[in-house]
Amino acid sequence: MTTNLLNFDLQGLVAYCESLGEKRFRATQLFRWIHQRGASDFDQMTDLAKSLREKLKTQAVIEGLPVITQHESQDGTIKWLFDVGDGNAVESVFIPEDDRGTLCVSSQAGCAVGCRFCSTGHQGFSRNLTTGEILAQLWFAEHFLRKHLKTEERVITNVVMMGMGEPMQNYSALVPALRTMLDDHAYGLSRRRVTVSTSGVVPMMDRLSQDCAVALAVSLHAPNDALRDNLVPLNKKYPLDELMQACLRYLEFAPRDFITFEYCMLDGVNDQPEHAQQLIALIEKYGKGKPWCKLNLIPFNPFPASGLLRSSNAAVAAFAKALSDAGIVTTVRKTRGDDIDAACGQLAGDVKDRTRAAERMAKQRTIPLQPVR
Ligand code: SAH
Ligand code: SF4
């Protein structure tokens, strides 16, 4: 059987090399060739013994994902659609800024959580990506961009697991991928520059704090359980109190001294003054007088099937002001790449829904969310 070496973190590659009777430092050399140099051909690896290269050629490959399409936005954002086989495709987005380059990476083909406002959620779930498929997005994008921008320097300085899928529901593939992002022999990103975004899979938040405590973003979207149950169905399993407690536990191990809460602004649904007041009360209840989180307001990126609308700029500004006045650091996320459907929640790829979640959601859509106005 052929082994794709993109599936291994360094520890995994060491074990693989040992199974071939090779020493640990060979694995490190190989790892550097793959991730730092973007090599996919063993013959390039001139500092490896010819006999090892020949052996590798017979049983291993370094194989990325086929690119189906690439779109570049007017603002420099680039979106790739990758083929993951069997009629499924996933998306990654590169977002250049003055002082950084962020890659938004997918973790699953589809998503089983089924949030009301998310186009990935509306597609249902097909399958988890492997570690190799998660890393292939970064491996390809980094080395493509170096060529594209004609530089030898690192281009991607930050990774956010905010593409398609719920990373914490693909935990065993996620952790080796994160470790490779952090590894000095691979991408060498600091823990603060790698962010896992979760809709709130509480047990996995605890595990991540022990296994690979990178920066954490939690998709909150509602200040009370009734509304959150409706928007993020996972809330029925892990309600707000459990989620808040898990955030506080995570903070003890986190690379930053705050958790980021994402809050998608939906017109008339979660953007009213009383929601801001409830949110402030919720944060204060758990904060014990100390600042412990930041709020990132995301103006909703509409897609037809959602039946939801983006909050007005005035509502977003008023909401942000209420939070800021209460001493909560609040930012409004700039929409990037919306001309190429690369903005948050617009990543839809192409997913063969094996769970019929899309069908269930279509039924659920007939239950209107109660606008509070
Ligand atoms: N499953 C993870 C990560 C992927 S979604 C999570 O839910 O956190 C990344 C972010 O985009 C989440 O905060 C998500 O709530 C937000 N998002 C999803 N759909 C959106 C939309 N249509 N408009 C704006 N933000 C959206
Ligand atoms: Fe899944 Fe995140 Fe979309 Fe919810 S917002 S459906 S958890 S990808």
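Backbone N, Cα and C define each Cβ position, glycine as well.
Any TrEMBL annotation is an automated prediction that lacks curation.
Residues or ranges marked as active site, proton acceptor by TrEMBL: GLU91. Other C-beta atoms found within 10 angstroms of the C-beta of GLU91 (active site, proton acceptor) number 25, with every protein chain shown included. In the three-state DSSP reading, GLU91 (active site, proton acceptor) counts as strand.
Marked as domain 'Radical SAM core' by TrEMBL: 97-339.
What TrEMBL lists as [4Fe-4S] cluster binding site is CYS111, CYS115, CYS118. Using a 10 Å radius centred on the Cβ of CYS111 ([4Fe-4S] cluster binding site) and all shown protein chains, the other Cβ atoms total 27.
What TrEMBL records for GLY165, GLU166, SER197, SER219, LEU220, HIS221, ASN301 is S-adenosyl-L-methionine binding site. Around SER219 (S-adenosyl-L-methionine binding site), a 10 Å sphere centred on its CB holds 25 further CB atoms from the protein chains shown.
Per TrEMBL, the feature active site, S-methylcysteine intermediate maps to CYS344.
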Expressed to the nearest Å, what is the distance separating HIS221 (S-adenosyl-L-methionine binding site) and CYS111 ([4Fe-4S] cluster binding site) at their Cα atoms?
17
For CYS111 ([4Fe-4S] cluster binding site) and GLY165 (S-adenosyl-L-methionine binding site), determine the Cα separation and express it in whole Å.
5
Counting across all protein chains shown, how many other Cβ atoms sit within 10 Å of the Cβ of HIS221 (S-adenosyl-L-methionine binding site)?
27
How would DSSP class SER219 (S-adenosyl-L-methionine binding site) in three states?
strand
